[in-house]
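Lifted from Swiss-Prot, the feature list:
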TRANSMEM  5-25  transmembrane segment
DOMAIN    34-128  domain '2Fe-2S ferredoxin-type'
BINDING   Cys71, Cys77, Cys80, Cys112  [2Fe-2S] cluster binding site
DOMAIN    131-271  domain 'FAD-binding FR-type'
Amino acid sequence: MDSNFIFGIGAFTAIVLVLAVVILIAKSKLVDSGDITISINDDPSKAITLPAGGKLLGALASKGIFVSSACGGGGSCGQCRVKVKSGGGEILPTELSHISKKEAKEGWRLSCQVNVKSSMDVELPEEVFGVKKWECTVISNDNKATFIKELKLAIPEGEEVPFRAGGYIQIEAEPHTVAYKDFDIPEEYHEDWDKFNLWRYVSKVDEHIIRAYSMASYPEEKGIIMLNVRIATPPPRNPNVPPGQMSSYIWSLKPGDKVTISGPFGEFFAKDTDAEMVFIGGGAGMAPMRSHIFDQLKRLHSKRKISFWYGARSKREMFYVEDFDQLQAENPNFTWHVALSDPLPEDNWDGYTGFIHNVLYENYLKNHEAPEDCEYYMCGPPVMNAAVIKMLEDLGVEHENILLDDFGG
């Protein structure tokens, strides 16, 4: 046999062996294996040990430590921020839209993006350790508007969710398939569903998902959690976009069904001051508005001046009307106002019309002695939020007095 041929085979074999060794070494460095320890808040009693692999958000959850993640770990909400002191690797490009360069230098990361490859040292907010999971039972799931349901859940007997008004919970769903044609929707709301043929949609989810929803209930409504959930249907101009996964799941729920939630979470809390409170809402942004206003007037018996400005398309989209009318009758410091952007002829509407930010300005803030001294709490569709914020900035309101809940619209 030719010596050059034999030499070539030998050289090739040697190269393959060297590459195999390099790959094995790299694998030992880069690929998850073995158990690792996550030290938490410099407290040995809080440290957890678990197999390497996955993301930090999931690793913590597997040990009963639930960090807020409105998007369910997709990296889009920026809520799951933790400080990683060591062991987290370099910050990823997907995190930089939520974390500034200064924060990155301080160790802030999105826990849903941090790979658990080696032992690490992290710092978590203390309130995280008060977060729990509950398996709840659906009490009711009724339409309050064309695209909004009120989901009412019973907490297990003897348990309570120690939340503050304006807080939120996370709701979970296992893989499932939901057909819109099976939704229970009263006849009065069928017009738009028929118009856009929404009954044709099917939501198929192949993985476990988590989403956040603001609570409509307030702390003295014991034993229940109440949500206002807007169905995320595909936009009319792009009907082939998949429908919202979690909202479709929630709309399919029926009394007696079991639902897993975790919480409480939140930062959209009322300030403890005597300043006037102006609440501005639209759509499913009603949820935290109801929670806050009921808490102020029914639990705290607040004497602060409070007004609520809510935007809807037509009378069919108005809800909790009797509740707010009663609060207004019982509390001289509270008024509430609705503006319809597209009232129907049969509405016979003689109230405010137009967009809520314009109505609020023209009919109240324009002639207010000191709008910059009020506190503004808002939750609604992104377009509404942006319009209200610009209007308030033009009036000289400082950012610290503009409080926004991004979840409810």
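Each residue, glycine too, has its Cβ placed from N, Cα and C.
Remember, it's a predicted structure, so these values are computed and weren't measured experimentally.
Broken down with DSSP, the domain '2Fe-2S ferredoxin-type' (34-128) shows 21 helix, 25 strand, 49 coil.
The Cβ of Cys71 ([2Fe-2S] cluster binding site) lies under 8 Å from the Cβ of Cys77, Gln79, Arg211, Ala212, each on the same chain and at least six residues away in sequence. Residue counts of the domain 'FAD-binding FR-type' (131-271) by helix, strand and coil are 23 helix, 57 strand, 61 coil (DSSP-based).
Ranked by Cβ neighbours within 10 A across all protein chains shown, the binding-site residues Cys77, Cys112 are led by Cys112. Note: the [2Fe-2S] cluster site is recorded as Cys71, Cys77, Cys80, Cys112; in the same chain, Leu57, Ser68, Ser69, Ala70, Gly72, Gly73, Gly74, Gly75, Ser76, Gly78, Gln79, Leu110 also have Cβ atoms within 8 Å of that site's Cβ centroid.
Confidence across the domain '2Fe-2S ferredoxin-type' (34-128), taken as the mean pLDDT and rounded to a whole number, stands at 92.
Here Cys80 ([2Fe-2S] cluster binding site) comes close to Leu57, Val67, Ser68, Ser69, Gly73, Leu110, Ser111, Cys112: these same-chain residues lie at least six apart in sequence, with C-beta atoms under 8 angstroms from its C-beta.
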